[in-house]
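The next block holds one structure in the form of structure tokens; read it before the comments.
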């Protein structure tokens, strides 16, 4: 293909440029105005340029090699007189090549824009000249290497050292430094960290939820807020949503709560009817909650599980009723209690660990039948405390109440991939989680009081060998959290402490923000910087009042409405003393006036009864007329007077012997 560009003028290297063109060339920076374009062939130009580049590269290499040989042979007359031979494998330029080179040089005047640029600057040092070549794409940067040490060896050693750091995940554990946050005196049973890693929340058996702000905290490490969102219920789980604007609080009651970042209530779940047999027909949980978590993709949805035998999903925009219900069942089809629940990494599956030792997984959109089911995952009767999916979504880790840690491939859910035993646990919420690089699995161990230290244990995900362990405190390790962005590990213990492990080099922000701040100075009480002399009677405000007589003081007090107020009489009965309802036109005042009055009677009760006796005998009305026909005649014994009884002869004297 030979395109022709039509233009007026000659070649740009010709000497017939006018003064006008020279002025324009000096201003514009290039020449060749008004000259004819020549006909050219792209293929021929490319081939000629390639040959020219090769020949020039060979020539430059030969010159550098000759200079190197001359420098090395300086001081030796024999070597200086000997002809300099080119580098082995490099032949001297032939006559034909010289002819081609001369031809290319002659044509380079007209084709400078198509040829490569020559080297600018001083020649390369001898050590560099030996490594130079037309095929080297990268230049050597840095000091010269020691003798016997090549560039390839240095690059390989650097790559090996770097790969050793990345291939050994234990070296990425941030455990060189730690800070301790004092939550309280009881077990820290819940930890939550927002996605950005700026705010940490802790909850415990003391019903408190404490908020810790790393950016706002100083070295004193004090929480900026403490509250009891669920009154007298132990906190079971805390988790921020994927956006970090709301916090899910799961406590020992039947109603989960959603709080905002500052601790104010946004939502309280509905409580169900405990007298309904089918739990799917109730609007909420009817028994104590065991756990909960947010959906990893949908910011409005969260999940809870309860002792009522259900796992429910909720929508934050609808607090009147749950969204869907999942009911775990035993092998006999009976109800079992879910002790923990979680979403898969993509949010498409819901997993629950149950009290009968099973792990059941449902499709999020199909709540009737399980998608995966393992009957003998852990010992029946033990509480599975935690389920955690790996970041790649193919492996599920389960922390059992039977002191084991197991990993499962959800594509082959019949038997576990790996099992670790001897990991004692005394709490129903002991955690396990994967490292950010998905190569380690972390969990905590429990100890009895005074029998050792609780440990944070790390296992290799593939070989399941114990890779590392950290002694946290002389108490159990309950909660653990490894934040992927901060690369920091948060731990909750059984003695009320929350510890944060970090590395100044490997970790980002988080605890590093507050440890560099100095403690705030305590506000001292204001004291007088100068002694003042006070003369008692110098000013009117310091003068003492004159003593007045008692009579004048009483007269003055009588005029004071407060001091002369008559005290209220005591109330011993309804309306006593006329204090209650003595005036007013209301119904209550009328009742008090007329009914609730003092009706006590101090008269003799016998006299009050006998005053009607004569009238009753003369005019009988009730009893006597009713028995008038059948009433016998009453005969009363005659009562003699005391004098007659004294003069009366005894009865025994009247008897005749």
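In case you wondered, yes, glycine gets a Cβ from its N, Cα and C as well.
In TrEMBL, the feature region 'Disordered' is placed on 545-584, out of the ranges 545-584, 585-624. When pLDDT is averaged over the repeat 'WD' (181-213), the result is 91. The DSSP breakdown of the repeat 'WD' (387-412) into helical (H, G, I), extended (E, B) and coil residues amounts to 0 helix, 15 strand, 11 coil. Beyond the repeat 'WD' (331-363), the same-chain residues lying 6 or more positions past its ends with a Cβ under 8 Å from any Cβ of the stretch are 290-298, 303-307, 309-311, 313, 369-393, 396, 398, 400, 402, 408, 410, 413, 428-429.
Remote same-chain partners of the repeat 'WD' (181-213), defined as residues 6 or more beyond its termini with a Cβ less than 8 Å from a stretch Cβ, comprise 221, 223-240, 242-244, 247, 249-251, 261-263, 427, 429, 476, 478-481, 483, 485-486, 488, 490, 492-500, 508-510. Secondary structure of the compositional bias 'Basic and acidic residues' (56-67), assigned with DSSP and counted as helix (H, G, I), strand (E, B) and coil, comes to 12 helix, 0 strand, 0 coil.
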